[in-house]
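Annotated in TrEMBL:
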- T117, D191, E216, K246, D250: substrate binding site (BINDING)
- G282, E283, V284, G285, K286, G287, E303, N406: NAD(+) binding site (BINDING)
- 26-45: compositional bias 'Low complexity' (COMPBIAS)
- 251-412: domain 'S-adenosyl-L-homocysteine hydrolase NAD binding' (DOMAIN)
- 1-65: region 'Disordered' (REGION)
Amino acid sequence: SQQIQFADDMQEFTKFPTKTGRRSLSRSISQSSTDSYSSAASYTDSSEDEASPREKQQTNSKGSSNFCVKNIKQAEFGRREIEIAEQDMSALISLRKRAQGEKPLAGAKIVGCTHITAQTAVLIETLCALGAQCRWSACNIYSTQNEVAAALAEAGVAVFAWKGESEDDFWWCIDRCVNVDGWQANMILDDGGDLTHWVYKKYPNVFKKIRGIVEESVTGVHRLYQLSKAGKLCVPAMNVNDSVTKQKFDNLYCCRESILDGLKRTTDVMFGGKQVVVCGYGEVGKGCCAALKALGAIVYVTEIDPICALQACMDGFRVVKLSEVIRQVDVVITCTGNKNVVTREHLDRMKNSCIVCNMGHSNTEIDVTSLRTPELTWERVRSQVDHVIWPDGKRVVLLAEGRLLNLSCSTVPTFVLSITATTQALALIELYNAPEGRYKQDVYLLPKKMDEYVASLHLPSFDAHLTELTDDQAKYLGLNKNGPFKPNYY
C-alpha cells in the first residue's frame, strides 16, 4: 500500500489517481494495473468487465451483507484453504483451545488491516474465538486471497477486501471498517501503518479511545515512532516487528524460502551463475542472499549501515554501490524499507531483460512512477509481470509493479506465519488486559517472556525437547528456571 508520510495537510488523501486515471497511463497491450488474476495459491479469478465488488449486493447464508468481497460463493473453497493452514499453525490453535474458556478478548472490538490469506484467517478466527469482534481490510491491493475473504464473510467477520483493488478501493475498505454506526473500535492490528494513519487523521475521537495498537511491519513501526516523537501518539502501541519471534523468523527464514518461490513462479529464472544485487542486508536481505547463494548465484549487496555491511562481507558477499554493478546484474531485489533505492537512472542503465522486484513492505523502493512515461511501452506478459520496453528495444522485467514480491506473486510458508500470528494475538491480549498505567502512550516491545512462550508453543511440531536448568545452574547464571533467558535488548 502507498506509503504516506505523516503530513498534517489533508491533501495527502487527494493525491491518489482514480482507477480510470490510472488505466490511461501508457499501457499498450496490458490490462489495467488493478486487474486481478489467479495466483497459484488462489481460486481467485476475474475479468475486466465484471462489476466492482463495491457495486454488488451480496449476502452470506445468514442473510448478513456486512462485508465486501469478490464473490461470496467461493466461501467453501476458502474454508478448505483455512483448514489446510490450520494444520501447520498448531501453536495458534493450541492458544485458541487454551484461552477459549476464559475469553481474554471479550469486549475487544478489533479493527485490522493485514494481508488477507488463509494464514491470517486462522489468526482472525482465533481472535473471534477468544471473544473479540473483528472488522478487517487488506494492507496490500494484490495479496488478498478472494476465496479466503469469502470464507471469513460467510463466518460472520466484517471483511472488506479483494485482490486487485484500486488505490481508491483500498482506502474505501479501510474506511468501511472504521466508520460504522453503533460500533467503535477499541484495538488496532495493523501491518504497514495505513489503518493507524487513517484513524489518526480522519477519526481523532476514535483514535483517542483506542486501548492499544499492534503493528507488525518495519514501515508501520517507523511511522509509530514518528508519531511518538512528535508527541501525537495518545495510545500505547506494541512493536511486534522487532520482537525476536518476528525479526528472526518471519523476516529471515520466511524470505529465505519465499524469494525463490516468487521469482520462479513469475519468471522461471535459473539462478545458477546469475548476478544478483540485493539492496539492504537486514533480516530480509540476509534471508534472500542465503537462498540465492545456495543456488549458485553471484550475489552483491548494497548497504548504508557499516555493521550490516561487515556482516555481508563476513558471509562472503561483495558490498558495492548499486551504480557500480547496475550494468551487469541480471536481478535487482530491494529489501530496505526506504524510498527511491532504484531510480529511473538505474533503470535506464540496466541490461536487457534484467528482473527488478521488491521484498520490502511498501512500494516506494523502486521508482515505478518514473517508468510511466510516453516513451516507454508497458506489456503485461502474465499475472504480476510487466515488461517495460525502452525505445531501443531493451526490456526490464518488473514484478508486481514494485510491490511486495512474495505476497503478491506467490505464497509464504504457513509455519512462519503461525509464529508471527501467535505473537500478534498475545500482544493484543496483553495490551487489552493491561492494568491502567502499565503501558503509557509510547511504543513498546513485546516482553521477552512472551517471545519465549511463542517459541515454546512451536517446538512440539519438531518433537523438540527442551533441557531444564537445575537450581544450581539457574543460580550460577542468575536466571529464573522458567525464563526469560534473553536480555531485553536481544
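Glycine residues also receive a Cβ, built from the backbone N, Cα and C atoms like all the rest.
Projection of TrEMBL feature records onto the structure.
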residue	record	contacts (Cβ under 8 Å, 6+ apart)
D191	substrate binding site	C113, T114, H115, C139, E215, E216, S217, G220, H361
K246	substrate binding site	E216, V240, I419, T420, T423
D250	substrate binding site	V416, L417, I419, T420
E283	NAD(+) binding site	Q247, K248, N251, L252, C255
G285	NAD(+) binding site	V278, C279, V301, C308, A312, C335, T336
G287	NAD(+) binding site	N251, L252, Y253, C254, C255, R256, E257, I259
E303	NAD(+) binding site	G280, Y281, A309, A312, V319
N406	NAD(+) binding site	C254, C255, S258, I259, D261, G262, M359, V412
Recorded NAD(+) binding residues, G282, E283, V284, G285, K286, G287, E303, N406 - maximal Cα separation rounded to whole Å: 22
Nearest-integer angstrom distance between the alpha carbons (Cα) of K286 (NAD(+) binding site) and T117 (substrate binding site): 25
Residues T117, D191, E216, K246, D250 binding substrate per the record - widest CA separation, whole Å: 18
Other CB atoms within 10 A, centred on V284 (NAD(+) binding site): 28
Number of Cβ atoms other than its own within 10 Å, given for E216 (substrate binding site): 27
Spatial separation of T117 (substrate binding site) from V284 (NAD(+) binding site) - C-alpha basis, Å: 20
Mean of pLDDT values spanning the domain 'S-adenosyl-L-homocysteine hydrolase NAD binding' (251-412): 94
